[in-house]
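Per TrEMBL, the feature divalent metal cation binding site maps to D399, E400, D491. TrEMBL lists 393-582 with the feature domain 'RNase H type-2'.
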Amino acid sequence: MAEQRPLTIALVAGETSGDILGAGLIRALKARIPNARFVGVAGPLMQAEGCEAWYEMEELAVMGIVEVLGRLRRLLHIRADLTRRFGELRPDVFVGIDAPDFNITLEGNLKKQGIKTIHYVSPSVWAWRQKRVFKIGRSTDLVLAFLPFEKAFYDKFNVPCRFIGHTMADAMPLDPDKGAARDRLGIPHSVRCLALLPGSRGAEVEMLSADFLKTAQLLRATYPDLQVVVPLVNAKRREQFERIKAETAPDMIVHMLDGQARDAMIASDAALLASGTAALECMLAKCPMVVGYRMKPFTFWLAKRLVKTDYVSLPNLLAGRELVKELLQDECEPQALAAALQPLLADGKTSHEMHETFRALHQQIRCNADEQAADAVLELAKTMMEFVYPHTHLVAGVDEVGRGPLVGAVVTAAVILDPAKPIVGLNDSKKLSEKRRLALFDEIKEKALCWSLGRAEPHEIDELNILHATMLAMQRAVAGLSIVPEFVLIDGNRCPSLPMPSQAVVKGDSRVAEISAASILAKVTRDAEMATLDLAFPHYGFAQHKGYPTAVHLQKLQEHGATEHHRRSFGPVKRALGLASN
């Protein structure tokens, strides 16, 4: 007998932060499946964990429209080659780590070939180019997000997403030892220390290093004993920084470090850094910071018109306010940078308040991310097992709609199709246009051997919880069929207790015609109920958001309170009613 192929995971990381995430994921997977194989585009950390690198990560480390255009031909060649080679390899799961402009298209190419795909680290679709969410939904089977508000965004568009926290938040202590970090770097405990982090990409280092060095020179006029440490990610970036320093500040004494960025942040009283993952790491190190960033003029001009958020750094996005100073493009100049850093280096409450907020945000995203990501990969790998349709005549498909909304019933449907009357175009109801759903709704009711709807009302959801209420609604749908099925196929990963054999089918609404039909009946029915509810309560917008916790719905809850149809056990409704515990 041929030896069974080991679990094979393909990965592509495009920059240093992705290398960190990929290495943690590989470690967590190897702890469970020691003989698993990992291949793709990897940095040094992933390679150290055993990932076979078909291309070096540096090949993809390009940022900015102008910069990408200069490397476009090479990037397209790499993506085409990976599409071909991964297609031949047939990995159990592909994981694209960040690098969305490269990875999402690659994920789509692989998904068309039947390969399961995960995008690890959500692109900032909530900030700019929001229409990308539709391409992400077509290209990936699951998004792994480390920002809490991202899952709610994807839920609104019915794109599978799992909030897992951030691996760096797990790896770094809530209260790092500043003295120990200084000892490791040879920095006296009595002096002030400033960390300069001009980025991990060559273009960033080129754009920012001179201004960062000039800023440090200005601060030395106030603090003559100021120690300046500059961690560089690799030998290339160090050589580049040394060249710029020789041109800009040849006599200035700085301590260049090979890596050791985390120790530099922990040891420092303040940091000046490029926007990006380094800002998150600096927050977790509890180091007060100023973010400075420059781009090519055209890239910045375009970004200003596309970005829909007020902030660019992760600490500010997590806090929802300007927690750290951001100085971008023309504002990123030595005088302004030095002025912003001055209060952070002075002894005062500014740094203390920032530290305490950093700690609270750290706790918020500390969720054991590596393990959760590994769980997601293995769960998706299991769905690669080919589904075997039961060998029986009367098969019912069951699906639900309405687990996530704050209002109304959860609606289920059960359908037994007639093989003599095939229905063309059945698919997951969420992937169909409203016009197509309505047409299929009528055709299913006309051609099916039998069909039935079930439901669990808001008060039942509040009494039982949404999971048990959904199981009850599914039982009611099956019980309502005029023909008793011999077997029941249920969308998802859990079956209710039924008097006949049943099986849960992950993504069954896209794989099993009976479940697709049930999903259409349930969705059209519930959408109609939301339209009716909208007529009774027009100021809530139920016809548009279908009861899901969108920003509009949450705002209307605060303004008008909850209706009798809202689910009292759901957090936002509790808060609107003043029932949430403090």
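Residue positions begin at 1 at the first shown residue.
Using the three backbone atoms N, Cα and C, a Cβ is placed for every residue, glycine included.
Please treat TrEMBL annotations as automatic predictions, because they have not gone through curation.
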With every protein chain in view, how many other Cβ atoms are within 10 Å of the Cβ of D491 (divalent metal cation binding site)?
27
Residues lining the divalent metal cation site besides D399, E400, D491 (CB within 8 A of their CB center) are V398, V401, T412, A413, M474, I490, G492, G508, D509, I515, A518, S519, A522
Around the Cβ of E400 (divalent metal cation binding site), how many other Cβ atoms lie within 10 Å? Please give the count over every shown protein chain.
27
The predicted model's mean pLDDT over the domain 'RNase H type-2' (393-582) is 92
Take the Cβ of D399 (divalent metal cation binding site) and count every other Cβ within 10 Å, whichever protein chain it belongs to.
31
